[in-house]
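Notes to accompany the following structure.
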Amino acid sequence: MKILLVFDFDNTIIDDNSDTWIVQCAPEKKLPIELQDSYEKGFWTEFMGRVFKYLGDEGVREDEMKRAVTSMPFTLGMVELLNFIRKNKDKFDCIIISDSNSVFIDWVLEATGFHDVFDKVFTNPAAFDSNGHLTVENYHAHSCSRCPKNLCKNVVLVEFIDKQSQQGVNYTRIVYIGDGGNDVCPVTFLKKSDVAMPRKGYTLQKTLSRMSQNLEPMESSVVVWSSGVEIISHLQFLIKD
């Protein structure tokens, strides 16, 4: 039986947010104020659709976007961590659940040669249309009131685990590695043997420590990290068990 590793992408695998990073392709590296102001809470994917349309209208082409996205730095220690997972693939299954989009994540994994580390990527589907504009859709519809309209990471995780167990694949534990507000929902459903690994100083860690101060129940253990190397040593400890 393997351990399931669940990764967020933005500010976790890469040390930035791919959606805000792409703005450097815009004229003067910024968006018009009315476009910036059009964002509504919970509707980020729709907002990014408008951003991509604007970039396309301004003549920003696929290769230029690809250059920008693949220049994003990896988070400290992540390359070492992904190499460690690759060496120990017999002990881990590894998935990404991200609010970025399929084009950006593909570009990064392809450019860095880490596609083979991940068994599945769950994210908002994106594609270039016939005008060369990048379009993006919501990953799914769901009824979770805590999550943005396009993606509840907990629903995705539960569906994946159910599907795996129907095929006879069960996990000894889940290790969830993330940073953001939309990682709170899946983390609160983790069980006793599972591990939540929030990135130090980011929203997920702050929310979890606030929850523990308010004595809100959390079953899983919480291990904070700032570098992928710290995650490696925790995983080494888990596979010794």
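In case you wondered, yes, glycine gets a Cβ from its N, Cα and C as well.
Please treat TrEMBL annotations as automatic predictions, because they have not gone through curation.
Keep in mind that what you see is a predicted model, and the values were worked out from it rather than measured.
What TrEMBL says about this one:
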type	residues	note
ACT_SITE	Asp8	active site, nucleophile
BINDING	Asp8, Asp10, Asp179	Mg(2+) binding site
ACT_SITE	Asp10	active site, proton donor
BINDING	Asp19, Asp99	substrate binding site
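Those same-chain residues not listed among Asp8, Asp10, Asp179 yet with C-beta within 8 angstroms of the centroid of the Mg(2+) site C-beta atoms are Phe9, Asn11, Thr12, Ile13, Asn17, Ser98, Gly178, Gly180, Asp183, Arg199, Tyr202. A distance of 15 Å separates the Cα atom of Asp179 (Mg(2+) binding site) from that of Asp19 (substrate binding site). Neighbour density around each Cβ, counted as other Cβ atoms within 10 Å, peaks among the recorded positions Asp8, Asp19 at Asp8.
Other Cβ atoms within 10 Å of the Cβ of Asp179 (Mg(2+) binding site) number 23 in total over all chains. Here the binding-site residues are Asp10, Asp99, and the one ringed by the most other CB atoms within 10 angstroms is Asp99.
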